[in-house]
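S.K.: Before I ask anything, let me first share the structure, which is written out below as structure tokens.
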Amino acid sequence: MYKTKIICLLLGILSGLVFAPIFFIPALFTFSYLCYIVQKSQNWQVAAKFGYLFGFGHFLSGMYWISIGVSVYIADFWWAIPFALFGLPIILAFFISANCTLSFFAKNNKYYQLIFCLLWVLFEWIRSWILTGLPWNLIGYAFSFSEILIQPLSITGIYGLSFIVIYISTSAYPVFTKKFTQLKILLASSMLILTVMVIYGAVRVSTNPTNFTDIKVRLVQPSIPQTAKWDQEEFWHNLMLHINLSENLEPTDLIIWSEAALVVPDDIPQVKLKLLNMLNSTNAILITGGISDNKKHGDQFELYSAMYALDKNNNKLFEYHKSHLVPFGEYMPLKNILPFKKLTHGLIDYKEGDGGLVYIKKYHLKIKPLICYESIFPNFVRTNNEIVDVIINITNDAWYGKSSGPYQHFHISRSRAVENGLPMIRVANNGISAIVDPIGRIVKKLNLNEINYIQGLIPQKLTTPTIFSQFGNFAMLLSIVFIILIHYLLSLIFDE
């Protein structure tokens, strides 16, 4: 058993490499071994241990980069690095352990592998909302290396795609049990599903060329190090870097800066003057991330992470407050119990905003605004494209250096465009800034650590809403029923 535990841990680590930026797709078949070893376990306690070790390795290699974010302020948070590196995998591994525990009780069922896959998606869904939720690196994101293979997102959403991916990934498990009839069924159904996916994706990509609106947009990526972002001595240098990248002889309609690009209120006279000079010279509207408050005092004072728009006459065209906050980063959960401060600058916790949509009247542009972490929640983002024209996602991935974190965050965010049939404008302080069309094609992008800007046009949205945007997880359930039906029909053909 000791040897099997080591194998589970190592295969779990390997399985974490299926995500961006490595996309080591052969590692998906580590899940076939997990499916097999759970069925082979002597009792549910053993199955739970195998699942836990696999899960610990999976989340350790897939989410190690969170510890890099903690190390940015190492003088204050050195003690938190091992908790970030090992603590999160220790907690998240329980979801895979629970999946394996329940799957064990179905080990003699003819449809054991299907049950394993259904439970996998169930626990991914639970992980997306329990304790504020962390739907990061859902297994469906392993296919985001291919714009063709992610097209089912428009029907199933990410949870439906996760079911497809975990089904295919466990299709080789009868190799270990030497049940070759079952192997034929699973491989045949997986090949059929993949074929349908490729045909659907290829047709969708080829029949939906990227069309553009007339709205010109400039995405500014200054790549300011996190240690310099809130440094008072660096403030004017940082602001002028933004302005210098924004001012250009080429005309534009919108200039977009990243999350918390303005770390002070925009009504400070010297700051206001610089911004108005820039906007008058470019004749553009600025959309930027910043901080905002409710203008109250004492116990009623509230601070928000905001996205707002300013025109050349100093009119604030909209203001959006982030509603999905990062625990421990933007606020401290259980603050009365835990004697720690949050990672982000300042002693005051951010407060949740109300979410919603915003509008720029001049361009008749209806926007779904997303600040950083909000883009990972598919149901929060889900929007009928009849009432929205574009998703604007501002973020700051400078926390995570050259790790896999910024790449994973980009591909997760990009998936929201496909799900909703909406273009996405994504602007990072450092990370990956891009113009993405409504089927997930990357029109233009800036890579990690680039100091530059993108000039382009906002792509047009699709003319009809996607199935996922209209029906949400109900469409995902229908896709699962479809795959179960394929599995059942092929079992009738191949069963001896």
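From the backbone N, Cα and C atoms, a Cβ is placed for every residue, glycine too.
Take a look at what Swiss-Prot says about it:
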- Glu259: active site, proton acceptor (ACT_SITE)
- Lys322: active site (ACT_SITE)
- Cys372: active site, nucleophile (ACT_SITE)
- 220-464: domain 'CN hydrolase' (DOMAIN)
- 6-26: transmembrane segment (TRANSMEM)
- 50-70: transmembrane segment (TRANSMEM)
- 77-97: transmembrane segment (TRANSMEM)
- 114-134: transmembrane segment (TRANSMEM)
- 148-168: transmembrane segment (TRANSMEM)
- 183-203: transmembrane segment (TRANSMEM)
- 474-494: transmembrane segment (TRANSMEM)
S.K.: I need to check the long-range neighbours of the transmembrane segment (183-203): which residues 6 or more away from its ends have a CB within less than 8 Å of a CB in the stretch?
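M.R.: Residues 113, 146-152, 164, 167-168, 170-175, 483, 486-487, 490-491, 494-495.
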S.K.: Near the transmembrane segment (114-134), which residues from the same chain, at least 6 beyond its ends, have a CB less than 8 A from one of its CBs?
M.R.: 35, 38, 92, 95-96, 98-99, 102-103, 106, 159, 162-163, 166-167, 170, 324, 327, 333, 376-379, 473, 480, 484, 487
S.K.: Between the transmembrane segment (50-70) and the stretches 6-26, 77-97, 474-494, work out which stretch tops the count of Cβ pairs under 8 Å.
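M.R.: So the stretch in question is 77-97.
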S.K.: By a simple count, how many Cβ atoms lie within 10 Å of the Cβ of Glu259 (active site, proton acceptor), its own Cβ left out?
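M.R.: Other Cβ atoms within 10 Å of Glu259 (active site, proton acceptor): 25.
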S.K.: Any idea what DSSP makes of Lys322 (active site), helix, strand or coil?
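M.R.: Its secondary structure by DSSP: coil.
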S.K.: As a test of the contact definition, list every same-chain residue at least 6 positions from the residue listed as 'active site, nucleophile' whose Cβ is closer than 8 Å to its Cβ.
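M.R.: Those within reach of the residue listed as 'active site, nucleophile', by Cβ under 8 Å and sequence separation of 6 or more, are Glu259, Ser305, Lys322, Val326, Asn393, Ile394, Thr395, Asn396.
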